[in-house]
Amino acid sequence: MKVAFCGSDNASAYDISAGVLKNVCFVDALNLVPHVFLLFITFPILFIGWGSQSSKVQIHHNTWLHFPGHSLRWILTFTLLFVHVCEIAEGIVSDTQMNSRHLHLFLPAIMGFVAATTAIVYYHNIETSNFPKLLLALFLYWIMAFVTKTIKLIRYCEDGVSFSQLRFCITGIMVILYGLLMAVEINVILVRRYVFFMNPQKVKPPEDLQDLGVRFLQPFVNLLSKATYWWMNTLIISAHKKPIDLKAIGKLPIAMRALTNYVCLKEAYEEQKKKVANQPDKIPSVWLAMYKAFGRPILLSSTFRYLADLLGFAGPLCISRIVQGFQNDTAATKKVNSYLSSQDFLGNVYVLAVLLFLALILQRTFLQASYYVTIETGINLRGALLAMIYNKILRLSTSNLSMGEMTLGQINNLVAIETNQLMWFLFLCPNLWAMPVQIIMGVILLYYWLRNSALVGAAVILLLAPIQYFIATKLAEAQKSTLDYSTERLKKTNEILKGIKLLKLYAWEHIFCTSVEETRMKELISLKTFALYTSLSIFMNAAIPIAAVLATFVTYAYTSDETLRPAEAFASLSLFHILVTPLFLLSTVVRFAVKAIISVQKLTEFLISDEIGDDSWRTGESPVTYESCKKHTGLHTKAVNRKQPWRHQLDSYEQSSRRQPRSLEIDVAIKVTNGYFSWGSGLATLSNINIRIPTGQMTMIVGQVGCGKSSLLLAILGEMQTLEGKVHWNNINEIDSSCEATRSRNRYSVAYAAQKPWLLNATVEENIIFGSPFNKQRYKAVTDACSLQPDIDLLPFGDQTEIGERGINLSGGQRQRICVARALYQNTNIVFLDDPFSALDIHLSDHLMQEGILKFLQEDKRTLILVTHKLQYLPHADWIIAMKDGYVLREGTLKDIQTKDTELYEHWKTLMNRQDQELEKDMETDQATLERKTLRRAMYPRESKAQLEDEDEEEEEEEDDDDNMSTAMRLRTKMPWKTCWRYLTSGGFFLLFLMIFSKLLKHSVIVAIDYWLAKWTMDNENKTSCNVAVFSTLCGAGIILCLITSLTVEWMGLTAAKNVHHNLLNKIILGPIRFFDTTPLGLILNRFSADTNIIDQHIPPTLESLTRSTLLCLSAIGMISYATPWFLVALVPLGVAFYFIQKYFRVASKDLQELDDSTQLPLLCHFSETAEGLTTIRAFRHEARFKQRMLELTDTNNIAYLFLSAANRWLEVRTDYLGACIVLTAAVTSITYGSDSGLLGLGLLYALTVTNYLNWVVRNLADLEVQMGAVKKVNSFLNMESENYEGTMEPSQVPEDWPQEGEIKIEDLCVRYENNLKPVLKHVKAYIKPGQKVGICGRTGSGKSSLSLAFFRMVDIFDGKIVIDGIDICKLPLHTLRSRLSIILQDPILFSGSIRFNLDPECKCTDDRLWEALEIAQLKNMVKSLPGGLDAVVTEGGENFSVGQRQLFCLARAFVRKSSILIMDEATASIDMATENILQKVVMTAFADRTVVTIAHRVSQILDADLVLVLSDGFLVEYDTASNLLLKEGGLFTTLVKTNK
């Protein structure tokens, strides 16, 4: 066929005798001119670039969009491009109906398309480089295009071309579009004045874009980048080079920050409050406030959603038209005059295929836009709610918390659960109104194709929907009960891990292991229910469409007169697929809606709960800044010597001349008049309080426990409800105003140390300076005063070590000293210390009193209020307030009280004497060394922890060498297939085979159903009954297989979970003690909590979803290829694209998910921390600082979550577009090469399903990869070596009563902790006779405890041996050895359960034996008085008994086990003198006939031992009786006794 611009079949085509513009072909040529003009002008500029970039504003993102009418221009250009595509298609279709080629029908349109594309690219480049003058080229182009198109339109009107002709419509629309674009261009000139005006308008980029930290660009990029998330490419690709961290994702844009959204929500809520202010019975509506603040984006999202849903119906409609067109494709007649009607145009199958492609692209773009907008709004709402809750927490009245109206648990739930519920509800809420519309539209279309039988199918779907809802509610219930059991199991596991040393030494591991296994069984039963409902839910989802299709087509076959045609059959099938999704989701959405309503109720209750009274009396002007107060020397208190000898007698005090108190009126810091205070119950806790606190002096508040001392402090701080009376704070500045330091203090803030120490999850230093400026000198003075330096030196990173919930746990005394240090460090006039000595022993208390209080505070002239029980400090007080039962008993100086209330004074005196005697005893014990010892033990070298964690993080190490770098990156991008295989096989090979087999069978059957449908519709002979029979059989088989597969996956998951946990527990419990010393407890617990939870509940559904979507995609691609093999050629590039998309996405998604998880914990911790330390924060007046911290943490978590959801959108847009390409290629290849309309319909139907499932494949792969991390971590523990429990002797060979005598021979013993470590005991030789009392002593680290562990083979005996009663202990089975010896450890350990269980978990002994043991330990009377006697409850860790009592229980436990050898490992270190005396007495009497080995932490304990072993650096240096050793002058033992170590 000849090619000519105007065609070669018509001679008059080139005739212009009637005038140039009368020739249609010439007018078409004229239309080429503007396009060519634009290309000629813009290409050089685009490719060569512009020389000067001087006008570019300094801004780091080239995304600054600032020309007016920006979005309108993009929308108009996209519309223009679409119309051009229609014009090209129309031209080509018209041309095919001509006898020769007519280029003028489509060439100008193609050029127009290229020009429009160039125009928008050109515009984008000019806008981002801020060079508006170059826009003139576009302005000229729009004018020329508008003029030429108008000429063409007028030409058609003159020719009498009517509206029914498509070409006329297209030209008309183009004229309008060019006109609008011209108007947009004129608007830019008018607003920006870049040309034709003298002074162009100056513009500044928005604040966010000037900020280098803002990396989230979605709000700032152009429409195309917004729709395709193009701006995310750099981040997602960079994840391959190095892991994404918080720095890479930057800050949130201002509009999305929690503060911005909080202000919006707060205003809306305040408005609601005003509305109901006059109606006391009404409460302000949180719903309306949320709607007012966030309603608009939700409406926008819903609009996008409606558009997407309507476009979704293009699929079924196009399928039906394409299949129909394909069947009726008869040769069209050629005609000369080429005007197509819209009807003819849409009858062309290729046009329909392109339209289907465009509709899919648009539908997916709108859908993702809708998702994104709701997610962004949900995140904004969550940020606002968190800020609102936090502000409320800071104003909560203390009585609410203490009276239990609002527990910490409830507050944590509000933060962790309720805000997330509301966020999720917002994500899903557009579904609420979009779904009904979608369902109604679907049913109408079905009815149009299949008449009444469609209603049968719809009815099946609707009737089965409530079952879905029922299953969903049951699922939630099952999950809750599972949670309860797993909490119980974790509690037990935690106890085992805390007491593992004791369990191993007593050989009780198996008893406790069984107890955990029992709870695990209950949990598994509950998990079974959960799994059953999950699989039912999956089954319903897969089976409903099959059932509906079966019902519909069978009804149609028997009721309709017409035979079933492929067009209707496949269009309806595709509709059923569309309908199932909203119905499946509906149950979820309804469930979330119900949860959201409950959450809002809880939130409303919380927001209207009582607040603390406004403490205006303490507000003063504005808070003064904290300036560092230099520690001033030379500024001493008045000439009173406060450094009197510390335990001075009252008598000397009475004679000493005291200064006369100044006239108190001017010098009162705080005054309470006629105060009645309550804890919110309406009853006064404190009554008739009239007190004054003198400025710059020390006031002590004393009284019995529970008489209201702490309440008095809190009442002064404004934490209690004031029933009547007034607290007056004196605002007069210090009398001595010469000192700058006093002036710079924040007068209205109070340094306060609460009775219960409260620490932040921060470093030690941050806890002490608490937001004040750091002053090295002052900091050192404070840590010394609180004797914290030695403790700090023990921590792995000194004072930069994290403490608190996530950090290292300190003892009570250490925590308390840090809190006191915080109060001392703060630069405030007034210091409140609430019983700071309660957890400290006498040395520490004294040091604190002397250095901290008398020296540091008084030198600073600070007003101190001290609540204490230690009456021996009373003489130091300038002012004393004695309390009793909620009222003030006495107030005044000690002298006043001595004269006015002799009785009280005498009472104090006797108490003081008693305290002094305790002191004498107490002087020997030193709590500080003890606490430090515990800390040192906790701070073992952490090598093996490092090894374990390295396995997870091996990939993340960044090395300088490119080699290592590339391997690390390879590891990051590789799926952990090995771990997957280990997981799958841990469920058993049979189940694995069953799962794979049933999955493959199910998908084959589903393909067979659709294939049979294609055959049936193409069947011209009328064999209805045969077709229906086969079809029904296949559908039935499909439904049954759906059930089987969903059950096998869950069943396999359960079995795997069961086996993994069982192996993990046994491995850990049998692990060597060194493992527990070097692995932090939290790390092991994490394997049992978070990781086990993932293996239990998350992996099976992910695995199911992954296999399902993968097999669906594969079967679809197989089916299309079967219908048209040519499709495989097009599949190659698509497959490559898909591979790279999933590869990049998986890595980035994993990083972002980890960031989201890791940023959530600090936020939740901050909330619970604040709620616990409310009084402290409010006393310090640090609310603003804590709010700021909360906003930062919220924003950090939100940005991580926002990026994660943007990454998900990035993936979905790309896989959706790939899916659309698959549909287009499938349609085009089937139409061109296909032979069978049934198979064509089938191919298109499958191509459409691929689009839905492609992104699920990748998302599930990414999820599975993250979840496999849990399996990997668990496996790393499973590779650990266990202790060697087997001995060379059989348990039966060991005599029943061994060891009978208790004779011990230690022969050349060498011991080490692990075979790669140095020995801790070297060549120790000793002989202990039966019944001897042996003491072992030595300095810290000399190997004393290692020797005690060697008796139990807890350490590696690599040379020498220990022989007990003639048997070498290395030959014995471990269990036998440990069950025959007894030990009392330094830290008393009790387990939750009963007293009986703690003494005898094996249940071997009679009650008499247990009572005898209790009597020996002097606990009998105490236990008898408890409810239940021997069966009385012991709480976790034995918290309901004192430390001394716990140690005595351990003694009783050792007695119950009738062993002839007892080892005491520093057993008296952590108990008071009285308990220690009991212990010593019992050892001498009850254990008189047994061999007792005592490892002494003080030498004084073993002075009367029969034999003393002195160790130094692992060698036995002295070995004799104590008396003989003391005769050696320079001996180590003598030295130890002298220094009283």
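Even glycines carry a Cβ here, placed using N, Cα and C.
TrEMBL annotations: computationally assigned, not manually curated.
Among the features that TrEMBL reports, transmembrane segment is placed at 72-93, 105-124, 130-147, 422-448, 454-472, 530-558, 570-594, 980-997, 1028-1049, 1111-1141, 1217-1233, 1239-1258 (among others). The domain 'ABC transmembrane type-1' annotation in TrEMBL covers 307-595, 993-1265. The feature domain 'ABC transporter' is assigned by TrEMBL to 670-910, 1304-1538. What TrEMBL lists as region 'Disordered' is 943-966. The feature compositional bias 'Acidic residues' is assigned by TrEMBL to 949-964.
Counting Cβ pairs under 8 Å that are 6 or more residues apart, the transmembrane segment (422-448) and the transmembrane segment (570-594) reach 3 or more and are in contact. The domain 'ABC transporter' (1304-1538) shares more Cβ pairs under 8 Å with 307-595 than with any other stretch in the list 307-595, 670-910, 993-1265. Within the same chain, the transmembrane segment (1028-1049) stays apart from the transmembrane segment (105-124): fewer than three Cβ pairs sit under 8 Å, each pair at least 6 residues apart. Within its own chain, the transmembrane segment (105-124) is flanked in space by residues 5, 28-29, 31-32, 34-36, 38-39, 42-43, 45-46, 73-74, 77, 80-81, 84-85, 87-88, 91-92, 94-95, 135, 137-138, 141, 145, 222, 338, which lie at least six positions past its ends and keep a Cβ under 8 Å from the stretch.
In the predicted model, the domain 'ABC transporter' (1304-1538) shows an average pLDDT of 82. Under 8 Å from some Cβ of the transmembrane segment (1217-1233) lie the Cβ atoms of residues 322, 326, 349-350, 352-354, 356-357, 360-361, 364, 1117, 1120, 1123-1127, 1130-1131, 1134, 1137-1138, 1141, 1239-1240, 1243-1244, 1246-1248, 1250-1252, 1254, all in the same chain and six or more residues away from its ends. Tertiary neighbourhood of the transmembrane segment (1239-1258): same-chain residues 315, 318-319, 322-323, 326, 360, 364, 566-567, 569-571, 573-574, 577, 1010-1011, 1013-1014, 1017, 1105-1106, 1109-1110, 1112-1113, 1115-1117, 1119-1120, 1122-1124, 1127, 1138, 1141-1142, 1145-1146, 1211-1212, 1215-1216, 1218-1220, 1222-1223, 1226-1227, 1230-1231, selected by CB-CB distance under 8 Å and a gap of 6+ residues from either end.
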